[in-house]
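A.B. asks: Take this structure, written in structure tokens, and hold onto it; I'll ask about it next.
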Amino acid sequence: MGGRPPSSRVMALLVALLPLVALAGVTAKHPDKGSQERSFVIDYDNNQFLKDGRPFRYVSGSIHYFRVLPSEWRDRLRKMRMAGFNALQTYVEWASHEPEYGMYDFSGMRNLTHFLTIAQEEDLVVILRLGPYMDAERDMGGFPYWLLNKNPDMRLRSSDPTYLKYVDIWFRDVLLPIVKPLLYENGGPIIMLQVENEYGSYPDCDFAYTSHLRDLVVAGVGKGPVLFTTDGDGKNYLKCGKIPEVYATVDFGSGTNAIKAFETMRLFEPRGPLVNSEYYPGWLDHWGVPHNTVKAEVVAKTLDVMLALNASVNMYMFHGGTSFGFTAGSNLGNRFQACPTSYDYDAPLSEAGDPTEKYWVLRNVTGKYLPLPPGEVPPASPKFGYGKVSLAPTGSVFQMADLLQKVTNKWPLTFEELLVPNGIVVYQTVLPFRIADPARLTLGDIHDRGYVFVDTKFAGMVSREQNMYDLAIYARPNQTITIVAESQGRICFGSQINDFKGITTNVTLSDHTLEGWTMIPLPITHTSRLQNALAHLHHWAAGQNMPPLGLQGTDKGGMTFFSGSFQVPEDSSHPRDTFLRLDGWNKGVAWVNNFCLGRYWPEVGPQVTLYVPRGVLHQGTNTLVLLEQEAAPCLTPDTCHATLQETHIINGPTPL
């Protein structure tokens, strides 16, 4: 509707599809044309959506509210609308809203209702993906970690009664009552609800589970909204992903033969609109692997073909945003690969929300089929380089651990058993016997990275990513063996999303199992607890009158907290977006004004800088805290620097 007719080639392809869509006996939903009630339905007779009784086709874009500061929501949504897009697609992330069992949070970046209300104000309808699983390169695919504490043997994404117990509570008692008033039929923006997510890619084929979810949603919101599923464009995906009485859609990226992809969809949905629910303008990144990009012209070409077929298309992602804090997930293919903090995705809007070349190219394509709103596209946000930030050590991980609450057990406990959502746990045991020189320390498994110390002296590392689970050490009786275990993000896709973190097996030394473990979780995932711990650490260090070198965890500055401050000019043009560059720093976590920017790892790339949105800054004095795990680039123990610059680098060098 509202665009130039398709080319003769595309029209021929469309005609070729017609035999596939012909199916007798399918009843169309037709709203009362005289009714003033709002409605959104599938017109099966004419292979289209009807919005208020009129043919409707959406071109939507994915923007995740939990990856963008609320102060920037309207800017991102308006830029998408100005590109001619008429719909927003977003997931609901269970883990964001119930970070601990029974503790719900819909404030700030988690204010789903506010985000969707802004979308409606910006003339966007909403396609909401309910979950409970979402993937999205998020920790555990958006599941709350505490599910693994409730029952370690729980079968996620199945009809396991223990799993369904918590899903039912989340959907029935919390999420769906929030969603229902926001439905299009009730005056809100939501036209469609997705049930589960790419279930055909999961090894289970549990129709009892997916049908249960469907019934749960219908019981919670009624039969009004269009329910749909999303799966890959292969028969093997759709055969388990399709749910009876739920409309099946497909996903595929640029360069794919759209006709063949939609032919596969027609095997499962012979009538109804063609829909690509995840059209990829770019792709995800992993630490240590070159940044993924896709040429704008390639993305535009496939989009043009789909729109000429009158398909509805969602672009995943239109704006990727940032996996702030410890929310980034990981993947397990041939090896374990962690996702970086940036979720730029080579999307039309950059991580900082700026229109890219791809934005303008795709806007031209969209404008052929849908009217472009009047007015100017909002400009890129102003950036500023606030310069060098001097940083000094404020204490080590070991010194902080001495001040924190401890848990003891015969064997090592996982993060989940300790009710630690993410971050770092310090594991310690005292060697009770004499060993060979050297002796082999072996961890059956480590999730995901372990730094081994003997009496705080660094001895080596174990790594899930590199399949390194043992090392030679030398230690005497009564010395303390410490393993600082780091979670790099739970697996977000596939059969191993029940990804327990920390030391997940026994630890042996020369084939002797080590017992009597003390575990100290670092409070780095909880802002107020970290502030308190750093304050106690500062007070303790002041009382010790300790020199800067004594506040470092290692002689290279590893396992050390560093802090400093910088100034933001007190004029109306500030604060502005900026980017934290950490040349010479190896691996760690950064906070600005107690807001966790996320993990940094410039040593392996491709992400070199961290995005610092203006919304976390204020005029005057601002603070920067780093937890450096490996080595700091200090000229002397108390003179280290980081830099706040105007440009973002997410395509830096990576290992061979």
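Positions of Cβ are set from backbone N, Cα and C atoms, glycine also.
Below are the features listed in TrEMBL for this protein:
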type: SIGNAL; residues: 1-28; note: signal peptide
type: DOMAIN; residues: 48-368; note: domain 'Glycoside hydrolase 35 catalytic'
type: ACT_SITE; residues: GLU198; note: active site, proton donor
type: ACT_SITE; residues: GLU278; note: active site, nucleophile
type: DOMAIN; residues: 412-522; note: domain 'Beta-galactosidase 1-like first all-beta'
type: DOMAIN; residues: 559-622; note: domain 'Beta-galactosidase galactose-binding'
A.B. asks: Name the residues of the same chain, 6+ apart in sequence, whose Cβ is under 8 Å from the Cβ of GLU278 (active site, nucleophile)?
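C.D. replies: Spatial neighbours, sequence-distant, of GLU278 (active site, nucleophile): SER62, THR230, ASP251, PHE252, ASN314, TYR316.
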A.B. asks: According to DSSP, how is the domain 'Beta-galactosidase 1-like first all-beta' (412-522) divided among helix, strand and coil residues?
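C.D. replies: Once the DSSP states are binned, the domain 'Beta-galactosidase 1-like first all-beta' (412-522) shows 0 helix, 52 strand, 59 coil.
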A.B. asks: On the DSSP side of things, how many residues of the domain 'Beta-galactosidase galactose-binding' (559-622) fall into helix, strand and coil, could you say?
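C.D. replies: Counting residues by DSSP class gives 3 helix, 32 strand, 29 coil.
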A.B. asks: Taking 10 A as the limit, how many CB atoms besides its own sit near the CB of the residue listed as 'active site, proton donor'?
C.D. replies: 21
A.B. asks: Pop the mean pLDDT for the domain 'Beta-galactosidase galactose-binding' (559-622) in here, whole number is fine.
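C.D. replies: So the average pLDDT across the domain 'Beta-galactosidase galactose-binding' (559-622) works out to 98.
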